[in-house]
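K.L.:
Right, I'll just put the structure down here and ask away after.
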Amino acid sequence: MLVHSILAVLTAATMGAPAPVPPAAAAAAPPAGSPSRTVTLITGDRVTVTGTAVTRVEAAEGVRISTFRGETYAYPDAALPYVASGLLDADLFNVTRLIADGYDDAHADRLPLIVEYAAGARALPKSAAEVRPLESIGGAAITVARTREFWSTLAAPGTSMRGGVSRIWLDGKVRAALAESTAQIGAPQVWAGGDTGVGVDVAVLDTGVDREHPDLAGRIEEATSFVPGEEVTDRHGHGTHVASTIAGTGAASGGAERGVAPGADLHIGKVLNDQGEGQDSWIISGMEWAARTARARVVNMSLGGRPTDGTDPLSAAVDRLSAETGTLFVIAAGNSGPDVQVVGAPGAAASALTVGAVDAQDRLAVFSSRGPRHGDNAPKPDLTGPGVDILAARSQYAPEGEGAYQTMSGTSMASPHVAGAAALLAATHPDWTGARLKDALMSTSKGTPQHRLDWAGSGRVDVDAAVHATVFATGTTFAGLRWPYSPGQQAEQTITYTNTGDRAVTLDLAVTGQAFTLPQRRVTVPARGTATASVITPLDAMPDGTYAIGSVTATGADGISLRTVVGVNREAKHANLTVTGKGPDGKPLSGVLVVKDVLNDTVPRVFEVDAGGTLKVRLPASTWAMWMYADVPGANGPHSLGRAVLAAPEVVLDTDREVLLDGRKLVEARAVTPTRSSLAQLRVDLFRSYPGKYPFGDDYVAGPQYDSIWATPTGRKVTQGGFTFGTRWSSTQPPLSFTVAGERFDDLLPQSGSAKLPEGVYRRGTVLIPAGGSFAPARGKVAIVRYVDVPTAIAQADAAHRAGATMLLIVNTGPGRLDAWWEVGDPSTPLPVAAVARDPGERLLSLLGRTTVTVESHPEPRYVYDLNRWHSGAIPADLTWRPRERDLARVEQDFRSRSAGTGNMTRNDAHPDVPGSALLGPILPIPTQGQRTDWLSEGPWREQAGAPGVLIMSDEHTYPVGRTTTTSWFAPVGRPRLFDDGPFPAPSRIGELVGVFGIPAFGDADPHHQGTLGQGATQTTALYEGATELGRADGDILIAEVGTSAKSLRMVTRTAHDGSATPYSTRTDTEWTFRSPAPNLEHVEAVPLDLVQLDYQVATSLSGVASRHARLDVTATRIDGRPLGAAGRVEVSYDDGRTWHKLGRNGVLDAPKSARFVSVRATATDAAKHGSVTQTVIRAFGVR
């Protein structure tokens, strides 16, 4: 062994490789507590570093020491050939980095490596331990002992390696320090000149601040919260990180992690809550406070919303306050990249300095929101700043991270760099307005020609250049032009150059972008004066509907280089659309018009067609879909109310055009059910699509006042893209009907806030109570009144109840059906109250007095019709459907909750062109113990049923037409149940993450159902690799990092409840093991985990009690529903899991007479998928 002295190392640094030194010359080992660090290399050689110098090497042979850019490498002779051939990563010998990463002997007992294998073989030495496979690179992460064994067994003659290893890297740590990002933008050069932003007030509108952080001590002038109920303390972490990026002193790091303007005074406004969210009003209030009260020169807003054209309230407030106060608002562009036109509000404001993010090499961050601005194509963002892996202060109250600092990425991190730069510039120029600061920072930025100007703006902020410049230019100009145009028309924009120096400056101008020309190529700017230059865009060379963004560069003596972003938008051809609406009677018809550009991904627009039945609007020339919703007379008399859809799904707007929406052509879209029924809900659906564009769906659910849906046939099918028209009818057994003198009235609407008349048929006398009259005559009778208004109806119900009336019937006096309680919620009127529309109500009144009325009540209908029809390409002339029972699917619903009562059920259908969609259906009352017959279109359908404390949901499925299917709800065994197309997303592998987005804990006996309990239920979920816990959550939502390789994992969920909702499944334990393949990192998508499910079948009573010798069947399926057969092992317990008994092959229970409950423990395996499940359910069902 050769030991090299300090002298030998110094000699090597200046003269070449040292000669071997005898062991007697060895330097003493570093004492405990010394600043020296010892690193054992992959070869087993040991290197000691004191400060930045190598002070000791213990090697078997020679070692090459190399120092470059402040980093020192120690290459043992044995390793050099492997490094040279690329088999070994040079960082394995970078002792500076090894120590910085904590890989010295005192901090890590093993060395982390990444190995790449040759195809087909991997046989690591025993001294190596595989941490995780890395399939995407054909390798693995390993650790090796700090001995020579690994190297001696790995290295082969020449430059080959044994064990199938083809290459080795250091498994290094990646970090970015704020000290580097401030240097990246030139801040240290400004500090060196004495400018640290002293005297400049900077407001930070964010999640608050940790006022006790050392880096912010003495920097916070004031702090206030605009979040109701929350004080200014930052319990999120975002605000503290941002504040310290602007003005942190670096005190917690010995001054290393200073902010950009460490002398600036901070004014903290908490406008985002502890979850990082805020209302627009909170933010606007904070902006006003910052600009007017705090009088901040610069306001940083690392926040944002949806993309806008800059006319939204937040952006408008920025523009107004900027003009009023001269404050510069520096705002993050957003993290919606790499999509374009996604710069969010308030960064969309024209006056804002909107900031994108780049990394340390000025590469545009993939997440950085790109422009141009939504709506008008104005240039945004304005410039960029460092925003990737930024290290800054960590709030001690933050839920993530540890220590004084943490790393974050986002345009939220880039914005405070620019805000700090603005503070430094404002200190240099205390009289400048925000607009001048913006121009100066943009025009002096470091150009990034590798990026599009509408993605990255003028360049990356360079505060050193800005502070020391004496010549500046307009930062950005924009011309938004309106169609039509004249031949030869030009757009002219003006750039202003400002010289703050004492000598005139001559600038040479150049422009990028074919759309722009410069009438003059040189401009002279007088001392302490300004000069202008024009930029011309000949519009004849630009097609309609296009935009152009370029850059004008001005260069001069002494290294002057300025950039101005110029943009022009040539509006597309437009045309005037005149819409005329006519009602069924030919008179003007008003309504709401929906229009959608079929050929372009623009947001649908909504207009009002006025009382005169007309609308005139200017729209881009294109193919448009449009339809108007309007009220028309209904199907049940002149005072009934229908909802009409007057559609023109394909209007070619290539010139000014008139469109007639003619209500005289309306036809009713109706379904005639085989059995008498009453309307529960009507819905109409319109769907317009075009290849390569986002489709547009428009669904309308009619309110209770409407008795019918009407539509205008559209004739020929659309020729551009797709169009679908659908209707859904939901009807039930009439919940309430009157029969008077042999005439039946089914369309009585029980009021939403009233008690329901119990199931049955009643003979009742009636009495009409005049307006203002006494209800005394109504005792024991049905009181009938004419509708006045909501308060009167509520008062009448109360008076009728106090008088002893058995029911109140309200006859509507206005159009349509009536639910008087709909607008005021549920006042819990104890008296049954119903309403009848005006025309049948007056007819009913005309028959009263001759006889009593027969009242038939079905508050929980015994049958339901859920029907839908879809028409492709056009709305047909015949919209009536008369299905027979054989045309429908019959579903016998069996509700088996623990106790009798009332629950509810809803059913969602799916759009035929949008798989997995769920369209709205009505919520109908059900008996929690009982039956109902449903008649359905084929589907697909999703259903959910609720009983007190329990909610059960189905997967998406169809029912066979012409056949009968039986479905059970609420029956045991309740337990965690998953499937890959249910209402809860299946647990999935998403790149390097496993995401569990809900494990419904209490599904019932039906294998197509999932379920949850309400209050009194608890759940924990955890993910493991072997014995290592990767993540844990109190609940059923968990996201855990698992790396990029294939994994063998284990997921455990445990549930419990207090028995208030059900006496069954009081405790469950479910453990899944599964193999998760390596993800495709080039196309990251959610891939459901291969989990095995268990299903249980046992005959029970309605209340969930089985006989002592009932048969219990337990079967297994994959998460996608494919069967796996019977469970491998099933055990039962009759004493809540204290003792277990193996269930025999016939599955028959043998419960003792003392038993009241049966608990179940079962295991199943999916050999093909390398998965298994073990599930324990305590008190799975009752027994007697």
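Please read every residue number as a count from 1 along the shown chain.
Note: Cβ is positioned from N, Cα and C throughout, glycine not excepted.
Grabbed the feature section from TrEMBL, which reads as follows:
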type     : residues : note
SIGNAL   : 1-19     : signal peptide
DOMAIN   : 199-452  : domain 'Peptidase S8/S53'
ACT_SITE : ASP206   : active site, charge relay system
REGION   : 231-258  : region 'Disordered'
ACT_SITE : HIS238   : active site, charge relay system
ACT_SITE : SER412   : active site, charge relay system
K.L.:
My understanding is the cutoff is Cβ-Cβ under 8 Å with a sequence separation of 6 or more in the same chain; which residues meet that for SER412 (active site, charge relay system)?
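P.N.:
Within the chain, SER412 (active site, charge relay system) has Cβ neighbours under 8 Å at HIS238, VAL242, SER302, LEU303, ALA332, ASN335, GLY387.
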K.L.:
Among the active-site residues ASP206, HIS238, which residue has its Cβ surrounded by the fewest other Cβ atoms within 10 Å?
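P.N.:
Sparsest of the active-site residues ASP206, HIS238 by Cβ contacts within 10 Å: HIS238.
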K.L.:
Pop the mean pLDDT for the domain 'Peptidase S8/S53' (199-452) in here, whole number is fine.
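P.N.:
That stretch averages a pLDDT of 94.
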K.L.:
Using DSSP, would you call HIS238 (active site, charge relay system) helix, strand or coil?
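P.N.:
The three-state answer is helix.
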K.L.:
Please report the three-state DSSP label of ASP206 (active site, charge relay system).
P.N.:
strand
K.L.:
In three-state terms from DSSP, label SER412 (active site, charge relay system) for me.
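P.N.:
The residue in question, SER412 (active site, charge relay system), is helix (DSSP, three-state).
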K.L.:
What counts of helix, strand and coil residues does DSSP assign across the region 'Disordered' (231-258)?
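P.N.:
Helix, strand, coil within the region 'Disordered' (231-258): 13 helix, 1 strand, 14 coil.
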